[in-house]
Amino acid sequence: MTAGGIAPAPAWGVKFEAKITPIVILSCIMAATGGLMFGYDVGVSGGVTSMPAFLEKFFPEVYGKTQDPNLNSNYCKYDNQNLQLFTSSLYLAGLIATFFASWTTRRLGRKPTMLIAGFFFIVGVVLNAAAQDLAMLIIGRILLGCGVGFANQAVPLFLSEIAPTRIRGGLNILFQLNVTVGILFANLVNYGTAKIKGGWGWRLSLGLAGIPAALLTGGALLVLETPNSLIERGNLDEGKSVLRKIRGTDNIEPEFLELVEASRMAKEVKHPFRNLLKKRNWPQLFITIALQIFQQFTGINAIMFYAPVLFDTVGFGNDAALYSAVIIGAVNVLSTCVSIYSVDKVGRRMLLLEAGVQMFFSQVVIAIILGIKVTDDSNDLHRGFGILVVVMVCTFVSAFAWSWGPLGWLIPSETFPLETRSAGQSVTVCVNLIFTFVMAQAFLSMLCTLKFGIFLFFSGWVFIMSIFVVFLLPETKNIPIEEMTDRVWKKHWFWKRFMDDDEEMPAT
């Protein structure tokens with residue numbers, strides 16, 4: 001930690017005794033269902049927006065374009081601001097909700113914040129499934145977005161704080177694994193509901209989001225509050241008791257003392273958001289903002305939101321497009337499992353750098369194929385080239401799923417000190433949702449304007465972010481959260497210049 005004080009602090013670098021207890025595993029699985037809901041929302045929107053009955057009811061202008069045989073524009077037939085607003089409104093609402101979620105996470109705890117998220121999810125699902133007009137549909141999406149804001153604020157913090165240091169990366173990535181499972185679940189549901197006669201399949205797609213919403217709410221009722229949060233709010237005895245339960249040992253005094261010391265210093269910070277702007281917090285803040293921007297500019301959400309639309313655009317046909325999206329969803333899930341296994345072994349930087357090469361190559365290949373074979377008024381994509389596009393998209397998705405996907409959430413959640421952790425997580429979610437909103441709102445228009453060049457646009461960003469990792473991102477593998485400042489930031493070749501001790505917080 002960077003702050004000074006008169007209370008004796010525990011010695012940094014001590015390895016705390018901790019068993020991998022069933023209660024920790026179950027708590028992390030329960031909490032990570034927040035990612036399941038987020039993933040389902042991402043996956044379901046792209047599927048329903050490719051269903052003719054859904055388009056006809058809510059977006060008749062787009063439906064007319066897709067049915068017009070005289071419209072010679074593959075890349076522009078889905079370009080509609082209202083259609084993009086259906087997808088992006090969720091992320092704009094999540095952005096606003098994040099500021100309230102920061103307060104509840106700090107003052108009420110991680111568990112109540114997850115319960116609030118579950119409530120928003122359930123109400124939003126009911127409105128979406130029963131929607132009679134575009135306004136009702138958008139209001140439902142806005143409430144789902146509020147749920148996303150609260151869940152994405154609380155769940156990564158919960159997972160980082162409750163997990164033992166040596167497996168913190170793997171357990172934290174359960175959140176991202178659930179995101180990918182949610183996307184796959186949504187793609188499978190969309191594939192089935194698209195075949196329902198009568199045009200009501202989209203209601204079932206939107207309504208089945210109630211399953212992950214119920215799982216999150218039920219899980220939030222069952223999990224324990226984190227010791228960090230309990231101690232931060234003055235419940236020392238309860239915090240110590242919970243720490244003993246989750247660590248599976250009575251030898252918790254060193255870790256408990258470190259949490260108490262971190263909490264003491266956190267309480268000295270009356271304005272955590274203002275404190276984020278102090279020089280000693282610039283490295284964490286910069287890394288957090290950069291990771292969220294880069295995560296979106298890989299192009300992943302653009303592909304995941306609109307995978308069915310994208311494949312339909314390049315000539316796969318509606319059923320084949322949904323089928324391809326299911327394949328991508330499965331690859332996403334399996335590749336995230338690779339990250340869970342390897343993140344605490346090979347480290348964060350290695351995964352990000354390997355994935356950068358893989359993503360850059362696959363996007364350039366996709367751009368070349370589409371540039372040669374798919375013009376604006378022709379979808380002459382032969383079966384072999386079509387399969388190659390799917391393979392390259394899967395190559396891209398697999399690389400993202402074991403790197404920028406989970407690590408974009410993991411690294412910010414483990415780098416901030418306790419006094420700014422909740423505020424830092426708010427910045428993480430806020431920036432992520434801003435750029436998710438931008439991508440969701442702009443992608444179909446970008447596809448119309450740039451055509452195949454959109455993949456070259458994203459590949460350029462992948463190159464830039466890989467250079468960023470090489471020079472500016474430190475390794476955080478196997479470092480206890482409360483020791484990150486002394487053992488990571490103060491030793492980094494560039495960031496150590498911001499870690500001056502002359503900005504000490506006053507002792508109380």
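Glycine residues also receive a Cβ, built from the backbone N, Cα and C atoms like all the rest.
Taken from TrEMBL, the feature domain 'Major facilitator superfamily (MFS) profile' covers 27-477. Per TrEMBL, the feature transmembrane segment maps to 20-40, 83-101, 113-131, 137-159, 171-192, 204-224, 285-309, 321-343, 350-372, 384-405, 426-446, 452-473.
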Proximity verdict for the transmembrane segment (452-473) and the transmembrane segment (137-159), three or more C-beta pairs under 8 Å: no
Averaged pLDDT score, the domain 'Major facilitator superfamily (MFS) profile' (27-477): 84
Annotated stretches the transmembrane segment (83-101) and the transmembrane segment (137-159) touching (3 or more Cβ pairs under 8 Å): yes
Distal contacts, the transmembrane segment (113-131) - CB-CB under 8 A, six or more residues away: 31, 34, 37, 58, 97, 101, 104-105, 137, 139-151, 153-155, 158, 203-204, 206-207, 209-210, 212-214, 216-217, 219-221, 223
Segment proximity, the transmembrane segment (426-446) to the transmembrane segment (171-192), 3 or more C-beta pairs under 8 Å: no
Listed stretch, out of 204-224, 384-405, 426-446, that has the most CB pairs under 8 angstroms to the transmembrane segment (321-343): 384-405
Dominant neighbour of the transmembrane segment (204-224) in 20-40, 384-405, 426-446, by Cβ pairs under 8 Å: 20-40
